[in-house]
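Undergrad: Sharing a structure with you now.
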Amino acid sequence: MAKQAPDFANRPDNTAFTQQRLPAWQPMLSAGIVIPGFVLIGLAFIGIGVALLVTSQSIQVFEMDYTGVGNNHPCFHCSDPKPKPCVCKLNFTIDFFLKGPVFFYYGLSNYFQNYRKYSVSKDDDQLSGNLKNFESPSDTCSPYQRDNNKPIVPCGSIANSMFNDTFKLYQNVNATMKPVNFDGKGIAWWTDYNIKYRNPDTTPLRNAFNNTVKPIFWPVPAYELDPKDPANNGFINQNFLVWMRTAALPDFRKLYARINDPPYAEGLPAGSYMLEIQYNYPVLAFGGTKKVVFSNVSWMGGKNDFLGIAYLVIGTLCVLMSIVMLIVYAKFKFPEED
Amino acid sequence: MLRRRLNRLLGGDERRVDSRTIYVGHRSSSPGEPIIKFCDNRIVSSKYTVWNFLPKNLFEQFRRIANFYFLIIFLVQVIVDTPTSPVTSGLPLFFVITVTAIKQGYEDWLRHKADNEVNKYPVTVLEQGERTRKDSEKIKVGDVVEVEEDETFPCDLILLQSSRDDGTCYVTTASLDGESNHKTHYTVSDTEKDLETLNATIECEQPQPDLYKFVGRMHIYKNDQEPVVRSLGPENLLLKGATLKNTQRIYGVALYTGMETKMALNYQGKSQKRSAVEKSINAFLLVYLCILVSKALVCTILKYVWQSRPGQDEPWYNEKTQRDKETNLYLKMFTDFLSFMVLFNFIIPVSMYVTVEMQKFLGSFFITWDKDFFDPEIKEGALVNTSDLNEELGQVEYVFTDKTGTLTQNNMEFIECCIDGFQYKYRDASSELDGFCVADGPVNKVQEKAGRAKEELFLRALCLCHTVQVKEPTEQGPVDGLMDQVDAGVPHPPQEQRGFIASSPDEVALVKGAMRYGFTFLGLESRNMKILNRNNDVEMYELLHVLTFDPVRRRMSVIVRSNSGDTLLFCKGADSSIFPRVRQEEVERIRMHVERNATEGYRTLCVAYKYLSAEEFAQADAGLMEARLALQNREEKLLAVYNQVETDMSLIGATAVEDRLQEEAAETMEALQGAGIKVWVLTGDKMETAKSTCYACRLFQRSTELLELTVRTLEDGGRKREERLHELLLEYHKKAVQDAPPLKGGITRTWSSETQDYGFIIDGATLSMVLNSSSESNSSRYKSLFLQICQNCTSVLCCRMAPLQKAQIVKMVKNSKGNPITLSIGDGANDVSMILEAHVGIGIKGKEGRQAVRNSDYAIPKLKHLKKLLLAHGHLYYVRIAHLVQYFFYKNLCFILPQFLYQFFCGYSQQPLYDAAYLTMYNICFTSMPILAYSLLEQHICIEVLLDNAALYREIAKNGMLRWRPFLYWTLLGVFHGLLFFFGVRYLFSNPALQDNGQVFGNWSYGTIVFTILVFTVTLKLALDTRHWTWINHFVIWGSLLFYVFFSFFWGGIIWPFLKQQRLYFVFANMLSSVSAWLVIILLILLSLLPEILLVVFRKPRGPNSRQPVESNAGGHQSPRSTAQPLLMKTFSDESNTVI
């Protein structure tokens, strides 16, 4: 009856939503789902774990500390911060064929690149080639903002403390030192040296740095970082970029170079080598150490057993738990199915 | 608020005077007198003006402790060099403050609009004999105002002149107290002649909020005569907000204006009730605040310990700035502490408050929307007056219910009467209405028993002794608004030509009852009551006085003069108040009937009369006039005269009126008891009536042993009442408390048949003895004994309660051990006190006006709706909000814990682990919507099961999900997850070369991996907890995760010009290019959730049962006995009459 309509003007809408009757899926985690689920997850995890562990084990690593602690360490004479420059030569033997491509890392310990004041001490605008920030670097760079009233470019603690040891590797072949070429390209993120960090458009590059000074601890200005390759200078020098990406933890390693020039592209053959280190970077003052690492990588990155072990443990646990559950439910005769 | 403001306005000399003088039409008799300024007629309900909105609103918002805390954090960030920018906490705070300000501003704008509508309403004022139109706000005290039909009164007026001949006008006060009946108001006699020349002053009390009280006096000065004095009472006062009905036009003099009107004085914010959940939140907040402070302290201390080691304070690569070096060490420590606080402050999220508020606000709509609460009879659904208490509905331990109108329908039907000791049963009520006019047939025999004279006297008494109005026939054109306001209880209006309007349904039932026996009340015409008698003759009685009803006397009388000149007094009232005032030999004949009727569940009234001789009448008349003129203690004086007049009457008979039980009252009560809720019936009714209601509602079972503590049992022993009380209390205590088997955890007890049920009955007089015992020491002892007995009884019946006593009882239980959550439900003005007192107040949209509804937190149309409100809505709301709160604390704990742990790896330098965008967005965008959707839609057990299985309610009793144990569980879960996230990634980063090209990840990658695991884990944890997946849940859960991924791409995909540091540039994309990162994310998410899944599975055997309807001893068996066999009653008690 049409007349009835106004009577129910106040009646609440009878929709599924207002009546809290929306169709709903009500998942129940029953044993029938969970036990097979656990078994599946467990098996998958064990599989992944095995793959990870095997991969990780297959990665070859050769590590050397060269801080120079101890009288008989070849770098001992350099660990004293006074005389500079100092070169130390590290002879070592690799007993196995280090399969290529080989990556060469340097590592520092007890070095807090993630210290808050340190990690903000840079000027991203300057580093993206903004000439205005060449004249007046950001305040965050303090205390490496200006030197004698001249702006420091690149400013800030991070740039100032850039790792400046240099390495040369020689293979000792029948007492002759055969140099192994380091390739310093491709060690930084592609986006860093193509987009995020930019040199000013000025040519030559050094003109942009007029009226600025180099960071206090640097031996050379930014536009002369790589004397061999002019394209690898300024803010897009790859070693600089690697350094500027601050490490997450106080013990870290950073990529220095790749060895991919023939004949070493296939790997470093077993044999004796000599690493010539230009030892500039003091670490003993803050109780740190330095090391170099030769390593090859796999699809999962560098060698790290943690993931593989963790996957294996969790996978095993899952399978065990499903067995326990099976026993429990067998005893209780699957009460939910009654 | 308004009251305070008013007091300020009133300050000064006016406050000291307890009456005010008003010159009608501003014509002062002695021109020299100073004219006192009264406030103008502007109504101000708004809080702000355009100018003070911003400062005042901000001030009020920052008075909230949470907002203040966030403001402090923000200020610290601005002032001190802190790790995160002020934006991270400023933005959410700004958002919250703005949204709240906009909401409050809008509400205030609405109030302004409403105020303006009232204030600018054009009214007609008589000035110097001319009618002028002005805005309502311009009315001054003393103005003579004209009001036309259907207009509302612009201020409180004294009625001077009415367009009706008899000097009356009709008024409805629907907007004031919800009573839609027409009330008659009277002009002041001698004023109706000529308003222009009227020279009068009014002396009256200062404004006070009681709508039904007013005393005043009018002095009318006529040329050279002694001034005439007239008394003024509430019947002369027209209240602002009431509407003029059935009267073309009236003139009145403004008495109280603006904020001094009774309506404005009654407008006051209700006291804020805080829910138990909120108390839990505050307690948890405190814990988290402690965690926050201790984290900051630990970090600060460790920082300085660490820095004291050689070489660590200032390594060469990280030189300090000049300013840093110069800063005082202790100042540095302090700022470091503040920095840590800022870094960890996200552990107490501003968004939780917003989400909780939103959940409550939006959630309450489900109550309003529920069509099960819609009552086709009154065409209304449930009403939510406050959404703050939704979850409290799931926590109720005690229900205090009114009887009349709540347990019973308050829909009265005349059942039988007893005249002179003979029973008259009216049968076949619906079919033959007029069949009784002529005395014949089998009924006739019965009727003959008492003799015609007695019968007719009795019926005349029923016709005359009342305050019922006849609904005027709608002959004078379209008078709308009248038709729909007839007594809503008229079940079959077509047959009964006449509509009666009365404040109490009993009276209508009686008048209708008399009509069936042939005596029809035709109405009141200029103080003459017209009755159509059996012979279809119209009898006229002049109405001389009405001795109004009040709950103390429990009776009312009229004094009328018949055509023959006899002056008669008719009185009707409760047996207890009539019997002592009539001759004892008459009582014995009637008492039996009254008691039988009472036990059958009828409301009984006794009717008595008396002839007044001329002297007696003259004396009474004078006494009444004098008392009515009194300015002070008018009520007391009137009462004295009433008591003096109502003596030596003759009892003629008694009536029995049936009040049916509410629909499904018994089922509802049974469900409540099954839910472990104790139901107390608090009624003003007498014990027998109330007891039979309790049996009918199955609050008392046959097996229930009743412990009675009433005046009757106290007098049994023949000793002093006090001694007997002491003795009985101890005896009952022994029975119910000491001998009872020890309860396991209070309400978790099952009401199985093995344990003896006890019911406890107490009446008002005894209660006041218990509460106000003569000696102080006894009083507290009795009180605790009484409470202990009551708490061990399944149901308690308190009868003969005054409204205030009801509130006293609620308060007593509320403050007893364990602070149980109480709920009061009632429908009448007499329940308002207990509704306001209880944690949750529920109003029934009944027939006794709307006062209960207005003062309640929730209003429902019928008692039966209480079951769903508590068992389904309350339960769900509680589970939802409890989960919401716990989840919020959990997700912020595992959010901030990795950041805390990171401090150990970054030299305690306050380095944030996550990017500022993530810190800000985590609570606002990434994890807020799923929990909001959950907290609105979750039904961990579906509604039908909750309703069928009342025992489920007990599972969440006593704040079960927000006690320390579950809180500890959630906290530990948060800690576990936080540790897992941080250290899982930490071990992955022991070799940061995670990509297949040998490149390494930095600290922002680290943070992003942790954050990704975090967002996914907390969202999936919620997904695991969700038992009720609607499309909305799917949408927001998966949508949030997708949004996070897209946002991260977007945020890292662009060089943002406004950012100083492009920290996250391509970090997320690079992370996804690393297989190891993927694997660790999957591993840690699964590992975090595994224990949760295991727990769910192992807890399972209990799980499924609760989701299926199970026959339980609590709500399973529904015996057919209930509504069909109701017959509950009530005497003419205080409850029936709301015109106080």
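Cβ atoms here come from the backbone N, Cα and C positions, even for glycine.
Features from TrEMBL:
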- B:36-89: domain 'P-type ATPase N-terminal' (DOMAIN)
- B:62-80: transmembrane segment (TRANSMEM)
- B:121-261: domain 'P-type ATPase A' (DOMAIN)
- B:283-306: transmembrane segment (TRANSMEM)
- B:337-356: transmembrane segment (TRANSMEM)
- B:Asp402: active site, 4-aspartylphosphate intermediate (ACT_SITE)
- B:Asp402, B:Thr404, B:Asp827, B:Asp831: Mg(2+) binding site (BINDING)
- B:Asp402, B:Lys403, B:Thr404, B:Glu507, B:Phe549, B:Lys572, B:Arg603, B:Thr683, B:Gly684, B:Asp685, B:Arg800, B:Lys806, B:Asn830, B:Asp831: ATP binding site (BINDING)
- B:853-1100: domain 'P-type ATPase C-terminal' (DOMAIN)
- B:917-937: transmembrane segment (TRANSMEM)
- B:967-989: transmembrane segment (TRANSMEM)
- B:1004-1023: transmembrane segment (TRANSMEM)
- B:1035-1056: transmembrane segment (TRANSMEM)
- B:1076-1098: transmembrane segment (TRANSMEM)
Undergrad: With CB pairs under 8 Å as the measure, which of the listed stretches B:62-80, B:337-356, B:917-937, B:1004-1023 comes out on top against the transmembrane segment (B:1076-1098)?
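TA: Stretch with the highest Cβ contact count: B:1004-1023.
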Undergrad: Around B:Asp402 (active site, 4-aspartylphosphate intermediate), how many other CB atoms lie within 10 A of its CB?
TA: 31
Undergrad: Take the domain 'P-type ATPase N-terminal' (B:36-89) and count its residues per DSSP category (helix H/G/I, strand E/B, coil), listing them in that order.
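TA: Within the domain 'P-type ATPase N-terminal' (B:36-89) the tally stands at 29 helix, 0 strand, 25 coil.
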Undergrad: Quick check for you: of the binding-site residues B:Phe549, B:Arg603, B:Arg800, which have their Cα within 10 Å of the Cα of B:Asp402 (active site, 4-aspartylphosphate intermediate)?
TA: none
Undergrad: Near the transmembrane segment (B:337-356), which same-chain residues lie under 8 Å Cβ to Cβ, leaving out any that are not at least 6 residues past its ends?
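TA: For the transmembrane segment (B:337-356), the sequence-distant neighbours (Cβ-Cβ under 8 Å, at least 6 residues beyond its ends) are 66-67, 69-70, 73, 76-77, 80-84, 89, 92-93, 96, 99, 281, 285, 288-289, 291-293, 295-297, 299-300, 881, 884-885, 888, 892-893, 895-896, 899-900, 903, 910, 912, 919, 922-924, 928, 931-932, 935.
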Undergrad: What's the CA-CA gap between B:Arg603 (ATP binding site) and B:Thr404 (Mg(2+) binding site) in angstrom, rounded?
TA: 10
Undergrad: Find the shortest Cα-Cα separation between B:Asp827 (Mg(2+) binding site) and the binding-site residues B:Phe549, B:Gly684, B:Arg800, and name the residue that gives it.
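TA: Closest by Cα distance to B:Asp827 (Mg(2+) binding site) among the binding-site residues B:Phe549, B:Gly684, B:Arg800: B:Gly684.
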Undergrad: Please report the distance from the Cα of B:Arg800 (ATP binding site) to the Cα of B:Thr404 (Mg(2+) binding site), rounded to the nearest angstrom.
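TA: About 12 Å separates the two Cα atoms.
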Undergrad: Can you tell which of B:Thr404, B:Phe549, B:Arg603, B:Asp827, B:Asn830 has the most other C-beta atoms within 10 Å, given these are the binding-site residues?
TA: B:Thr404
Undergrad: What does DSSP call B:Thr404 (Mg(2+) binding site) in the simple three-state scheme?
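TA: Where B:Thr404 (Mg(2+) binding site) sits, the three-state DSSP reduction gives helix.
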Undergrad: List the Cα distance (Å, whole number) between B:Asn830 (ATP binding site) and B:Thr404 (Mg(2+) binding site).
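TA: With the alpha carbons as reference points, the distance is 11 Å.
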Undergrad: On the 0 to 100 scale, where does the mean pLDDT of the domain 'P-type ATPase C-terminal' (B:853-1100) fall?
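TA: Over the domain 'P-type ATPase C-terminal' (B:853-1100), the predicted model scores a mean pLDDT of 92.
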Undergrad: Under the DSSP assignment, what numbers of helix, strand and coil residues are found in the domain 'P-type ATPase A' (B:121-261)?
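TA: For that range the per-state counts are 13 helix, 70 strand, 58 coil.
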Undergrad: Provide, as an integer number of angstrom, the distance between the C-alpha atoms of B:Phe549 (ATP binding site) and B:Asp831 (Mg(2+) binding site).
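TA: Here the two Cα atoms are 18 Å apart.
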Undergrad: For B:Asp831 (Mg(2+) binding site), which residues in the same chain are close in space, meaning a Cβ under 8 Å from its Cβ, but six or more apart along the sequence?
TA: B:Asp402, B:Thr406, B:Pro803, B:Lys806, B:Ser824, B:Ile825, B:Gly843, B:Ala852
Undergrad: Tell me the Cβ neighbour count for B:Gly684 (ATP binding site), meaning other Cβ atoms within 10 Å of its Cβ, over all protein chains shown.
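TA: For B:Gly684 (ATP binding site), the 10 Å Cβ neighbour count is 28.
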